[in-house]
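As given in TrEMBL:
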ACT_SITE  HIS277  active site, proton acceptor
BINDING   TYR25, TYR131, ARG166, HIS277, ARG280  glyoxylate binding site
BINDING   78-80, SER107, GLN129, THR157, LYS253, SER275, 308-312, 331-332  FMN binding site
DOMAIN    1-382  domain 'FMN hydroxy acid dehydrogenase'
Amino acid sequence: MPVITNIEDLRVLAQKRVPRMFYDYADSGSWTEGTYRANESDFDKILLRQRVAVNMENRTTRTQMIGQDVAMPVAIAPTGLTGMQHADGEILAARAAKKAGIPFTLSTMSICSIEDVAKETGNHPFWFQLYVMRDRDFIERLIDRAKAAGCSALVLTLDLQIIGQRHKDIRNGLSAPPKLTIPNIINMMTKPRWCLGMLGTKRREFGNIVGHVKGVENMGSLSEWTAKQFDPALSWNDVEWIKKRWGGKLILKGIQDAEDAQFAVDSGADALIVSNHGGRQLDGAPSSISALPGIVDAVGQKIEVHMDGGIRSGQDVLKAVALGAKGTYIGRAFLYGLGAMGEAGVTKALEIIHKELDLTMAFCGRTDIKTVDKAILLPGTF
Ligand SMILES: Cc1cc2nc3c(=O)[nH]c(=O)nc-3n(C[C@H](O)[C@H](O)[C@H](O)COP(=O)(O)O)c2cc1C
């Protein structure tokens, strides 16, 4: 067993253990992948101020996101097909999040269903991410199912009415379950752990959708299915009825622009997530960490601002918090842990991030995450 010291170690192991089609699905951005790369590299440009001879005892990373207690300001981001990175992936990641004391967000496009995750995590509250499809009856039923499962927040994703082109997914013929073509079979034969896991579970299709949307028994190509089912006419008026139907905490995901951030405030949502979908939608958009300060300046006093995109360490979390994010989300960082080692891998990813966050906060002379602000950053680097 290799020694795992950071998220990159988990990525390398995941690449070995997960079939190419699903590994590539996670480790890719749209078109040139410029925004995908900038999400990570822009964090490196922000420098921290080292402080010394500060009492570093009794540190805490505990805080709140949308009024809910969290062990650190990090949630698991919603990711589609998580149950294809590892058998029963959503259930395993939700369990790891529960153990770590942070929120888990289940994607509409998950393999394990809302009900599966609720049952298998002992009805521990999790968050549900909603994509809006043309079939509004289905969306209403989905919202009701999330309510019935005790989800404690709805994360409404606004940046995927149409899907950004990811070249690798087209080349690999991404589908769930994977089609048994000769190249796929050959590749899967080199991933015996993954195959054994998949043979041991019934969950190999989109659990929230197959059997719940009229006429959908088989989803074929993900990008074609998305193009047919997702609603390109989604508007702020829809946010209003969704908020009403849901009736609980609402988080709007995919905001990159100060004008849209103001619409989010006007909608009455509880929080917004500065996000470019992990560089998977509009290539050429700014990195999330570079967009964050403008949004915080514009609406930070009126709505809770969260962010995601490019977080690969606890240092990245600390920088986002210093720039005004009340919470962050990790996508690939947990997916790599999951693909590498299942639930233990997600736990490892969360432990790595927590330890890095805690130590970096201390090196910067702070002992309570709630006191972290821009003063821990080197002027001129953000
Ligand atoms: C493989 C993958 C699948 C994703 N699927 C969804 C999804 O179903 N719904 C959603 O709102 N965002 C989805 N996202 C975006 C994430 O929620 C999040 O915004 C992004 O992963 C953050 O960037 P990071 O991966 O660099 O942490 C997905 C991201 C990845 C990598």
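Including glycine, each Cβ sits where the backbone N, Cα and C put it.
In TrEMBL, annotation is done automatically, which means it is predicted and not curated.
When the CA atoms are compared, the binding-site residues lying within 10 A of HIS277 (active site, proton acceptor) are LYS253, ASP308, out of the candidates GLY80, GLN129, TYR131, LYS253, ASP308, ARG312. Taking every pair among TYR25, TYR131, ARG166, HIS277, ARG280, the residues listed as contacting glyoxylate, the largest Cα to Cα separation comes to 19 Å. Model confidence over the domain 'FMN hydroxy acid dehydrogenase' (1-382) stands at 95, taken as the mean pLDDT rounded to a whole number. Of all the Cβ atoms in the protein chains shown, 23 others lie within 10 Å of the Cβ of ARG312 (FMN binding site). The C-beta environment of ARG166 (glyoxylate binding site), restricted to residues of the same chain at least 6 apart in sequence and closer than 8 Å, consists of TYR25, SER28, GLY29, SER30, ARG280. Each of the binding-site residues PRO78, GLY80, GLY310 was scored by the other Cβ atoms within 10 Å of its Cβ; the lowest score goes to GLY80. Long-range Cβ neighbours of ASP308 (FMN binding site) (same chain, at least 6 residues apart, Cβ-Cβ under 8 Å): ALA77, ILE273, VAL274, SER275, GLY278, SER288, THR328, TYR329, ILE330, GLY331.
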